Structure formats: structure tokens, C-alpha cells
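Undergrad: If you look up Swiss-Prot, you'll see 172-201 marked as repeat 'ANK 1'. Feature annotation from Swiss-Prot assigns repeat 'ANK 2' to 205-234. According to Swiss-Prot, the repeat 'ANK 3' annotation covers 238-267. Residues annotated as repeat 'ANK 4' in Swiss-Prot: 271-300. Sequence annotations record features per position, and here Swiss-Prot assigns repeat 'ANK 5' to 304-333. Under the heading region 'Disordered', Swiss-Prot lists 369-487. If you look up Swiss-Prot, you'll see 377-392, 406-421 marked as compositional bias 'Basic and acidic residues'. Marked as compositional bias 'Polar residues' by Swiss-Prot: 476-487.
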Amino acid sequence: MVAEAGSMPAASSVKKPFGLRSKMGKWCRHCFPWCRGSGKSNVGTSGDHDDSAMKTLRSKMGKWCRHCFPWCRGSGKSNVGTSGDHDDSAMKTLRSKMGKWCCHCFPCCRGSGKSKVGPWGDYDDSAFMEPRYHVRREDLDKLHRAAWWGKVPRKDLIVMLKDTDMNKKDKQKRTALHLASANGNSEVVKLLLDRRCQLNILDNKKRTALTKAVQCQEDECALMLLEHGTDPNIPDEYGNTALHYAIYNEDKLMAKALLLYGADIESKNKHGLTPLLLGVHEQKQQVVKFLIKKKANLNALDRYGRTVLILAVCCGSASIVSLLLEQNIDVSSQDLSGQTAREYAVSSRHNVICQLLSDYKEKQILKVSSENSNPEQDLKLTSEEESQRLKGSENSQPEEMSQEPEINKGGDRKVEEEMKKHGSTHMGFPENLPNGATADNGDDGLIPPRKSRTPESQQFPDTENEQYHSDEQNDTQKQLSEEQNTGILQDEILIHEEKQIEVAENEF
């Protein structure tokens, strides 16, 4: 099974990679990304762990390690970039046959020797690569086997629950609820929930049964767990909540249910990604649109200060960029390196995105200029007109106030002059009249003096004052008041003439 130094095993020699991996567990453990071919593995910050017993085996299979696993440096001669996309065409056949082995041995590897990284080469989606549990029958007891395979009659399962602890954990800290939820055995999940098992127990990845159900897209089990009160906001060791996994899987119905049961739409994982940022980074346009409708924060930043727009530009998704621009998002925001979305688009040569950003910026400039220019001019015109109108009203009011008294004064003067002319006759009524006329005025049928119109002359000032106070100070009312004054004066003259005639008749 082991190839000689400098040679590579044939593809036919690797018939059962899982069996080989189980036999060579130590080699698989140390030849992964931490291996440098020197017998030392850099795990954590505490120091190097030496496994000198594996030096010979690793040196003999150095090339195989180097070509099958691009991240592993096996013999120390392979220096690949940070993206981990080094490819050796001679090993394509071997890697294709050992794709499952690569996928399960390396969380970041999908069997093609490539890892999905972010714009800066720092992001990997290893948390999303192995949704289902890897279960070995010998590691499970009866209850866990029944929960995983779900082929046990209900009666037997009830007996198992009576005899054993339903919250018991296996070596990977998984309970029966974890296994049943991850594998979609809704009958077992329902029975465990009816028995009031613990809901928020964490496995070795700090995931709850709800997180595993959502991650494995077992919606029926996930809804049952939500209805019984499972917390949807418990993060796993990667910082992802159940909503992150629903967004990654583009499961809008599950995301809607999680939000309905109180999931935090702004929770961040260890990379500082909210569900919206994760959806943009993974180019999940439908769930991005869904989260925007649910009022997700468009100004959220990851740990490098990148916005959703910058991530969309870096990922080269013109459709998501266009969708974000429709929300009037800020295109001038910078990340921690001081770069904007447009600068990323130019450096990445995304011409379509550059054009979208340029058009959006021009529209914003035109909009701002139109809003700032026209309203100010209108305000200036209206303010000037208002000031002129106020000045005109202030100037016209004193003139009207001064003109009305003059009219009244002129009328009063005319009345006084007429009264002076006829004052002797009017005031001499008691002296010139004979005694009989004065005594028998009402009995002899003499023409009595007309008293019906004298009150009008006496009430003239009152009517003039009332008219003055009720006047609305316009030209038409001025003319009416003048006509009334002249009419009243004529009436007064006629009254005095009639009185003179009456006095003359009485004298004769």
C-alpha cells in the first residue's frame, strides 16, 4: 500500500480510501494542512507536536501528499499560494477517484483541490462543507442508532427511552435529538420532544439540534424544534447561527420561520459577517433580496470594514450590485484599507460594475443639484414677493386711515356751514311764531314741522362712525361712503328749505 520514495501510487491501488484512512489514522491526522513534512504539526499557539515515528512514512509518501492535498507541503518542496488552487494535471485521475476522501479529510477541499476564499484570501467556508454527521455504528449505542437510522418500531423506542437517558451524549457530544434532527427522522424528534428532552445541548462543534436540522435542510424537524422553544440565536464555534446556515442554503422559507421565532437578523459570525453579508459574499441573490425586504442593515461591516456593496463588487456579482444600488446605498464608504467599492471594481477590472457605479453616481449628482437649485430660487422669489406685499399694505393702510376722516370732516364742515346760514330761522322758531300757533299747533290743523327727517341729520355722525368702522378700506367702499355723504348733505339742505317755507307760511 505504501509507495516508495519519489514514486506515486497508482489509482487502482486506492480502492477504499476510507478503509485506508482508518488504517493510517495518524498519517491522515498529521499530513493535513498543518503538516510540513518534517514530522511536526503546528496546531494552535501552544507549540509544535512532534511525531518522529511518522517521519519515514511521510517522507516515502511526500509526493502523494503534495499532489493530492494542495495545502499539504508533504516533503517541504511544494510552495503554493494562499488560494490553495495549485493543480497537477497528472494527478487529476487519482484526485477524482479520491474526491470523497479529499472532501472529508479537508474541510475546505471539495475534491478539486480548491478552496473558496474571500476578496483578501482570508475567508473559507469550511463551516458549511460537512453539514451531516459522519457516523460509525460502533460509536453509537442503541438509542443513538435508533435516532440516526430511525428503523426501530415506536414501542421499542419508548422502551429504550425508559431504560436510558434521552439526553445522553456520544463521543462527539451528540444526543439522540442531534442525530434524529440531522438525519430527518421526524417521528423520533417528535417522540423526544414529547418526552421533554433538553433542546439546547451543544455537540462538539457547539451546534444545537436546530442548527443541525437547518444546516442539513431538514425543515420539518427544524419547525418542530422552533415550536417547542429552541433558541435560534445560539452560535456554533464558527459564530454562525441557524439563520446563517439557512441563508447559505438559500432556504427562504426556513429563514422566514427563523425570523418569525426571534432569530437575530444582525448576528455576526467570527468573520464579522451578518446573514446579509454572508448572502452577498456567497452570491445568493434571492435571499439577499429577501433580507433587504426584511430591513436588514445595509451599512453592516465585517471585521475588515467591508460593506455589502464592497463584498458584492469583490465577488464580481453585477446583479447584486445593481440590487444594492436600488436601495440608495452609500457608494463612497471605505474599508479599513481605505478603498471604496469603485476602487475594488477598477482593480478587479469589473467593467460592468464600474459602469453601474458611474451611472449611479451621476444620477445622485443630478438629483442633489436639482434639489439644491430650484427650491432656493423659488424661496427667494416668494420671500421677495411677500416682503413687497407687506410693504405695500403697510403704506396703504395709513393713507386710508387718513383719507376717511378727511371725508367725514369735509361733510361735517358743509353741514356746519349750512346750519350757520339757516341758524337764525331755525333757532328763532319759538320767538317769531305767534302765540296761537305755538299754543294751538296740534289743534288748528296747521302744517306741523316734519320731524321724520330731522333725526337723520342728528344721527349722521353716528352712521358715519359706524360706516367708518365697518369699512374694509378699499376703493369701492370709499366711493360708496362719498356718495352717502353727498346724499345726506342734500337731504339736510332740503330739510332747511322746507322749514323756511313753513315759517313763512305761518307768518302770513
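Yeah, the Cβs are placed from backbone N, Cα and C, and that goes for glycine too.
Walk me through where these features lie, including what they touch and how far apart they are.
TA: Residue counts for the repeat 'ANK 1' (172-201) under DSSP, split into helix (H, G, I), strand (E, B) and coil, are 17 helix, 0 strand, 13 coil.
Each residue in the repeat 'ANK 2' (205-234) gets a DSSP state, and the totals come to 16 helix, 0 strand, 14 coil.
In the repeat 'ANK 3' (238-267), the DSSP tally of helix, strand and coil residues is 16 helix, 0 strand, 14 coil.
Residue counts for the repeat 'ANK 4' (271-300) by DSSP state, with H, G and I taken as helix and E and B as strand, are 16 helix, 0 strand, 14 coil.
A Cβ distance under 8 Å defines the sequence-distant neighbours of the repeat 'ANK 5' (304-333), meaning residues of its chain 6+ beyond its ends; these are 118-120, 122, 272, 276-277, 280-281, 283, 285, 288-289, 292, 298, 339-342, 344-345, 348, 350, 352-353, 356-357, 360-361.
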Undergrad: What does DSSP give as the helix, strand and coil breakdown of the repeat 'ANK 5' (304-333)?
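TA: The counts are 15 helix, 0 strand, 15 coil.
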Undergrad: Let me know the model's mean pLDDT on the repeat 'ANK 1' (172-201).
TA: 92
